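Worksheet: the structure to be examined is printed underneath.
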Amino acid sequence: MFTEAKNAAKNAVKRAVGHPKEPVPVVTVEHWIRRLSPDPKRDAIDYLTSLFPIFGWITRYNLGWLTGDLIAGLTVGIVAVPQSMSYAKLASLPAEYGLYSSFVGTLVYSLFATSKDVSIGPVAVMSQTVAQIIAYVDKHHPGAWANTQIATTVAFICGFIALGLGILRLGWIVEFIPAPAVSGYMTGSAINIVSGQVPGLLGLSSVNTRTAPYKVIIDTLKALPQTKLDAAFGITGLVCLYMIRFACTYSTKRYPRRQRLFFFISVFRNAFVIIILTIASWLYCRHRATKSGSYPIKVLGTVPRGFQHLGPPKIDRDLVSALASELPVATIILVLEHIAISRSFGRVNGYKIDPNQELIAIGVTNTVGTLFGAYPATGSFSRSALSSKSGVRTPAAGIIKSVIVLVALYGLTPAFYWIPNAGLSAIIIHAVADLVATPRQVYSFWRVSPLEFIIWAAAVLTTVFSTIEDGIYTAIAASLALLLIRLARPRGYFMGKVQLRSSEKPNAESRDIYVPLNPKPSLWKSGVRVTPPTPGVIVYRFEESVLYPNSALLNTAIVDYVKEKMRRGRDISAIKLSDRPWNDPGPRPGHDENAENIQKPTLHAIVFDFSGVSQIDTTAIQALIDTRTEVERWADRTIEFHFATILSPWVRRALIAGGFGTGVPISNIPREIAAVVPYRGGQEAVHRVDKPQAEDEESKLPNVVEEERHFEEETSPLDLEDTPYFHFDLVGAVRAAEAGLQTQPADTSRSST
């Protein structure tokens, strides 16, 4: 009794939701869940072990790897020391904070990294962003918090966000920002930073470097008469940096056997120039101190020895609220720059990074770094390139880099006192200039995609005439807008047939391929002729997933084509104007509508090539149902809908739910698959005016069609028994449609889909 009641209730529920009495086997949610994690325990263990990639290679560490890591670590470490202090000054922080960030960045990253080349630490764009955040907070809350506290708070929150994204495996989010957008804001940021450092290079303290770059350039030109002695150190240092670089590049080409020697000479140019400028500064300034303790040129001053700010970070809730609006751009720069750099070097050196693990690495690096007083650190392009060229073998080279920075913190800080600030500006300008996109790179953007070139240009111009923040938001917004446009307005083609025959084997059988009826001139030879499908058959290919933004486009394309090219099923030329639908204007004066109509072929079948469709949603299925309803109303007969090359079981499931592919009588198919507001006032089935013989022909197919489908079922790897209108390939689908047309009189109605 209980079982019967249970079955009755189950059947009642099925009737209420419209469950078919004899459902076609389709993929289920249970299948998806099982494939998602076949072995949850094993997947959990793999997830935990993947958090520490170091265990995957440390057991195989050897002397050969150690040699390469030592050379790369020493090389990059020596370069990182002056760069880190320069970037700290750029971020409006004391120089030692750059050393803190560099030490923690390279040390912690080596434990979590999936890239052997990337060097973590202070970078120019991030430092400039931190400086802008500090200026923003000071403007709205003057003197409320120290610059160092603001910087460490930004590092902690941004690191925590990146860590969360990595743990949740959301690294795919960065894929929404394309390479031209990244290059655009990097180029604009480089111009922003260089313009802000030129006044420091020339000793022009009166120029406000926190405004838009174009204003900084104008103010710098106006203030040139006020140039101070600092320019002698700054310009000399910058010229020497470029002279050494170009001389080593030329010598490498002239004497290729000494390439390694010239490489290391070029590598150490930063350290060499800083040492020379520091000695010159000391010789000139040591006896020229004023009563107030200042010197003729600006020098770095006292750099505290060791770690002076160890301890948990001071996270003030009010401070977090004050800088909340600036955190998104800081996080984007932190994540995007690092992922872009790590992918670039992975591509060059033949390995693949894990974006999720890299987010975890950068997140842990910044959160742990706040314990040492570090400010935000991310991947450095210049130091990563240097590490790669130096022959780094594993991420363990970061430990060597940290040792070099540690030695500088505890043993060289007295010498840092006399480093001229103009020399640090020269280091920054020299390093950042390489971030500007080359003309060849920009032209490549134009050649590949002019629209993406426009995005690049918009990002650059916005950054130059506004701020880095505005440049990033412009690049992201423009990229997402282009993505949505491409999704909402994809290309679709009505297809025709081209027969191919081998020129080497004239007697070989020809094969049919389907191409657009109106091919682009640049893609085809002038002599290629495209044969349209048999009259009454339409072949259409949609080059995108059919989703709610573009489903109306598909409907419009098919319906408009049918009304233009295919015969109208009913002769309405004699129908009174008052009896016509309100949206039918009727025949034009002096125009024989019926005579023109009978010259057109009768529509029999529409074949969709779904080889480019990987997703389909409810709105798209409704659009296909609407398309079927409209074309059948126009043709006044049932139209076959064939689908070829369905690659996703979920697309197949959705089409079956919409009444496609199975041959179900049209009278049993609902007009709406999922109505927003269900219509309850009348019949739910599609309205049809079928001829009397249609009912007898619903249950049988012409012999030729049966034979064609029987052959396809035997040769196709797909199971076509339950879905005779789904086909393995486009050629088979068109043949099935044409076979049905050959056996059907023009006025015979078919009642299956």
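Using the three backbone atoms N, Cα and C, a Cβ is placed for every residue, glycine included.
For reference, TrEMBL has these:
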DOMAIN    535-689  domain 'STAS'
REGION    577-596  region 'Disordered'
REGION    690-718  region 'Disordered'
TRANSMEM  63-81  transmembrane segment
TRANSMEM  93-112  transmembrane segment
TRANSMEM  118-138  transmembrane segment
TRANSMEM  150-174  transmembrane segment
TRANSMEM  231-249  transmembrane segment
TRANSMEM  261-284  transmembrane segment
TRANSMEM  319-341  transmembrane segment
TRANSMEM  392-412  transmembrane segment
TRANSMEM  444-465  transmembrane segment
TRANSMEM  471-488  transmembrane segment
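Ranked by the number of CB pairs under 8 Å to the transmembrane segment (319-341), the listed stretches 150-174, 444-465, 471-488 are led by 150-174. Long-range neighbours of the transmembrane segment (231-249) within the same chain, counting only residues 6 or more positions beyond its ends whose Cβ lies under 8 Å from a Cβ of the stretch, are 200-203, 262-263, 265-266, 269-270, 272-274, 276-277, 280-281, 297, 420, 422-423, 425-427, 429-430. Model confidence over the domain 'STAS' (535-689) is summarised by a mean pLDDT of 82. Looking at which of 63-81, 93-112, 118-138, 261-284, 471-488 has the most CB pairs under 8 Å to the transmembrane segment (150-174), the answer is the stretch 118-138.
The recorded stretches the transmembrane segment (444-465) and the transmembrane segment (392-412) do not share 3+ CB pairs below 8 A when only pairs 6 or more apart in sequence are counted, and are therefore not in contact.
Within the chain, the transmembrane segment (261-284) has long-range Cβ neighbours (under 8 A, six or more residues past its boundaries) at 75, 78-79, 81-83, 233, 236-237, 240-241, 244-245, 248-249, 251-252, 255, 296-297, 299, 386, 389-390, 415-416, 418-420, 423, 426-427, 430. Non-local neighbours of the transmembrane segment (471-488) in the same chain are 176-178, 181-182, 184-185, 188-189, 329, 332-333, 451-452, 454-455, 458-460, 462-464, 544, 547, 549-550, 553; each lies 6+ residues outside the stretch with a CB under 8 Å from one of its CB atoms. Counting same-chain residues at least six beyond the ends of the transmembrane segment (93-112), those with a Cβ under 8 angstroms from any Cβ of the stretch are 51-54, 77, 80-81, 83-87, 118-122, 130, 147-148, 151, 155, 300, 303-304, 307-309, 357, 360-362, 364-365, 368-369, 372-377, 395-399, 401-402, 405-406, 408-409, 413, 416.
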